[in-house]
Structures are given as C-alpha cells and as structure tokens.
Amino acid sequence: NRGFTEMHCMSGHSNFVSCVCIIPPSDLYPRGLIATGGNDHNICIFTVDNPAPLYVLKGHKNTVCSLSSGKFGTLLSGSWDTTAKVWLNDRCMMTLQGHTAAIWAVKILPEQGLMLTGSADKTIKLWKAGRCERTFTGHEDCVRGLAILSEMEFLSCANDASVRRWQISGECLQVYYGHTNYIYSISVFPRCKDFVTTGEDRSLRIWKHGECAQTIRLPAQSVWCCCVLDNGDIVVGASDGIIRVFTESLERTASAEEIQAFENELAQASIDPKTGDLGDISADDLPGREHLKDPGTRDGQTRLIKDNGKVEAYQWSVSEGRWIKIGDVVGSSGATQQTSGKVLFEGKEYDYVFTIDVNENGPSYKLPYNITDDPWLTAYNFLQKNDLNPMFLDQVAQFIMDNTKGQTLLSTSNEFSDPFTG
C-alpha cells in the first residue's frame, strides 16, 4: 500500500485551522504531540491517539497562523496580532513584540534560545532570550515562510515571488527567482541545501544548487503548503482540498491509473490569464497543435497553442520527453508566440537574459532585454543598477544590438560573445 490512511479526525477549534506542527517525542509523550493554530486565536495540543485536545493555549488576540517546535518541548507561535509567543507545556513563557503587521512565519533555530519571525511588515527578526537581536530587510512584500539550512543560515520566501538565503549575522547571500506569484511555503531537503517552494502560481518548484531544477504544475490555483519528508518525498496541500505526495522513488510511485487521473485533472484545469502565471497573453496569432512537435528547451517551459479556437497551455517534461497539458486558458483569445519561449529573470519574463562578465575575475551580471526595449536605455539602466563605469555605455548598447539583430524572439541566453571579454 503506497498511500496514507486517516487515523483520527481531531477537533478542538471553533473556526478554521491555519497551521499544524509536530512537537517531538519526550519522556512524558514518547510518541510526540501535535499542535494546531486556529482562527479562534487558540492553539490546541493533541496526543497522537486522542481526537480531543490534551490542552488549549490561550493568549493570542487574533488568528494563530504559524507554529514551530524546538527542543525540550518549547513551542513558538506567530499571529495576526503582530506578536509571537514562546510556550513551554501549557504556559506562555514570553511574548515577542516588535513587528508592525501579522507574523506569518516562525522558526526555532538549532542554537539554544535563538528564534526567527517573518512578517507582513516585510521584515524578518532574530530573537535571543526574548529580545530582538537583528532585523533582516530586503523582501519587497509580506514574508510568508522560513526554513532553516544550518546553525548559520536560513531561507525565506515572500509575496514578492522571491526566495532569499540569509546568514544569521544579517547578510543576504542570494536571491532566487522562478515563481510568478506569491510564494506561500518553503521546505528544505534533509542533509543538504536543496529546497522546495509552493505558491499562488499553481506550482511546486524544486531547487537544486541554487537553480529551479523542476516545476510541477497542480490543478489548483493556490498551493498553500509543502513539506519534505525524511525519505525525500514532497507533500503539498492545495486550494482544491487535496494533499498530494511526489516522490523520486520508483517503489513509491503512484499507479499508472493514478498518474493518468492526475494528468487528466491538470488538463481540465482552467488558467486565468490575469494571474500572470503564463506571462502576458495577448489576443494575437497563436500557433496550432503542430507547435508541440518541437521539443522544449528546458524542464517546466510552458507553451501556448490554439486548437479549435480554444487556447491550451502545455508544459515540457524533460524526463518524459513530451509536452503535458496543464490546462485551458480562459478569458483570452490567444497569446503571442514569444510567451512560450521567454526567459525568467527576477520573477519577470524577458526575450533575452544575457550573462555579462565585466572582467575575467569579477562577478558576472545578468542583463535582461526585451525586443521592444531601447538598447541604449537598457544599457544605461544596467550600468546604473550594477554600479558599473558609464564609459561602457556604447559597448553594452552595441553588444545588445549585435546579439539581437535578426534573431527570432525565442532565444536562449548563451549563444553570443561577451562585450567585455569577447
């Protein structure tokens, strides 16, 4: 039996449950406990084998939307009331005050006494023994999720469609782009720095070595949460009320019938072009089914076609070497061909993203460019943004013109020489 079966239906909240967390086994509770946070402002603590709460933690003044457990039975809760609370067994030990908006994410760090909170005020705070030690700024919208990489590093995801990797000392080490809408949840693979994210763009994304290695589309607009199990399987919960488990293991792969049922569900989904999940869709000429004869260039690439007046979206699967239908596009009479071959950069789509090396040993910079852009203005903005010498203006503008002249809109970002190093 590959599936999961329901053991208990636990109830104790008077309104919706917004977060769940496991409290690890202890001498007193060798099987561990389950904590749930609700819209009724309460936290319920359950044992594994009883459907009624062992006890209820009261104290928050609004929805409890995030929970994290630490060693020795400590529990950290985050609430829409802008505070986080630290609990030990059935007592509130301290209240963390400092955020100016709802706290959507909380995490207890491995080092004793250190805690993280992420808020709709766009900041993350590091707390030690109840005092705010540091505030991390950089996200441009609500922080929705946190994940711990090590004692020194953590990840955050936000409504700005980005993931950030931070050092506890305060430095942002990396920003990852790939999602086209809010990112709700982030979870790390055991014993490595790879991670998964889910969001409002109908997708689960798997990140390896700092790149988005795989995109799995789901037949639901909002993919609210994800978690990686100890065996490496990925569990996601979505707005269609279904929990799905994805695996790399052949033994645990679903049956051919179940996989076909999932693909059928995906194919029947309706995609609203206003969400931006597929880039800008215009009502111009769209290729027909023959467009699917050409293989995709990367995993998760989307392609739109028009079939009998209907617009359909397909996604390329590298492992299977075929286009998989991910839904019908509603409310649009078509899209431009360039939509299907654009390159994503910082959450937006471009016709080209060039990699530019200013000198042999220095860092490389990304230069995004659309056919409709002015090469001189793009070159000027690129130099300004990266604090580079304005004397390179002619060189960069000429490089853009040389590398986009006569090329089709569907371009990858590698087939050109660098303006600085040749």
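Here the Cβ of each residue, glycine as well, is placed from N, Cα and C on the backbone.
Feature annotations, courtesy of TrEMBL:
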REPEAT    57-87  repeat 'WD'
REPEAT    96-128  repeat 'WD'
REPEAT    176-208  repeat 'WD'
DOMAIN    315-414  domain 'PFU'
Secondary structure content of the repeat 'WD' (96-128), with strand meaning DSSP E or B: 0 helix, 18 strand, 15 coil
Predicted model, mean pLDDT over the repeat 'WD' (96-128): 94
Within the repeat 'WD' (57-87), residues counted as helix, strand or coil by DSSP: 3 helix, 17 strand, 11 coil
Three-state composition of the repeat 'WD' (176-208), taking helix and strand from DSSP: 0 helix, 19 strand, 14 coil
